[in-house]
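Participant: Grabbed the feature section from Swiss-Prot, which reads as follows:
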type	residues	note
TRANSIT	1-33	transit peptide
BINDING	138, 176, 179, 262	Fe cation 1 binding site
BINDING	176, 229, 262, 265	Fe cation 2 binding site
């Protein structure tokens, strides 16, 4: 799972934020935890709270799904076994990172590495900023498995639970684990990046966690993962396209192979939400509205390298400029999910459900309109150093 820029949550002042009204029908009484804050002084904060995220985390809400909804997910276990697990590949049929990298046991290893590095020389620094950002996001996989295991009704209760939900989470994690491994090894061999700074960023990110605002609620959680897997599919697809344009066909193959995995995972998560719309259209459309009013925060939004408190914003700006992941992509994903789940054709909804339906169906056009206005006002971005590429300057 990866990703990036959100047109409505970036620190850029381009677009306004939408206010979220209180939604009640899907919610049980909330348990609220104090928000996590970081001082504006990074030096002071580093001394006081060295393991805190680089920016404020939202007020934490937990276990918002009413207990009676838990039975829905229990009743779906047979369905999940037949319809979800089919989107996993047996390990023996899966690709492995070594399939795409020089073989250190092979006599021609050093020559293969030289060839890889020669190809990498043709790629611009800005491309490596985006590729490193994608890799770091993939490497924070422990956080994403943790997030899935916070969801009521579907978590792995023991660490080796035999339920289809738990099997999916573990096997999905195992498949995703290859993505960060492959990109990490490629970047190490390329010689183009400061691996110690990259590794520090990974450690900071895993230590900071993520703040998806899914409230232990699988309705919100699976809507979030549906969105994220499609965003990752788009992002890796675009890094593959750019690698090919710069003449590195093997790197394009690496990124394209990861893209295919993300597409398969997207299909699985969207099927879960599709089933929820079939069983509980009212609750699901309200959850969809809530997730979109909150605005989908990207998994790596707490990214930090020990220097740049706005690292994720800067990385996202480069991804936007290169067309790797953009505000348009965000709107396109939302429009795709509205169509995939047939939200416009839902009937029999309450007044609250109809309002939620109207909101999510109108939102893609609204986002596009806001982005068009923002582009019209946009000024040329500054050039800043990125520690990942030895502090070389890249335009935002």
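Cβ coordinates come from backbone N, Cα and C, glycine included.
Provide an account of the burial state, proximal residues and distances for the features listed.
Facilitator: Residue 138 (Fe cation 1 binding site) is surrounded by 27 other CB atoms, counting those within 10 A of its CB over all protein chains shown. Residue 138 (Fe cation 1 binding site) carries a helical DSSP state (H, G or I).
A helical conformation is recorded for residue 262 (Fe cation 1 binding site) in the three-state DSSP classification.
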Participant: If I take the alpha carbons of residue 265 (Fe cation 2 binding site) and residue 176 (Fe cation 1 binding site), what is the distance between them in whole Å?
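Facilitator: Taking the Cα atoms only, residue 265 (Fe cation 2 binding site) lies 9 Å from residue 176 (Fe cation 1 binding site).
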Participant: Between 176, 229, which of the binding-site residues has the fewest other CB atoms within 10 angstroms in the structure shown?
Facilitator: 176
Participant: Let me know how many other Cβ atoms fall within 10 Å of the Cβ of residue 179 (Fe cation 1 binding site).
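Facilitator: I get 27 for this one.
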Participant: Looking at the binding-site residues 138, 176, 179, which ones sit with their CA no more than 10 Å from the CA of residue 229 (Fe cation 2 binding site)?
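Facilitator: Matched binding-site residues: none.
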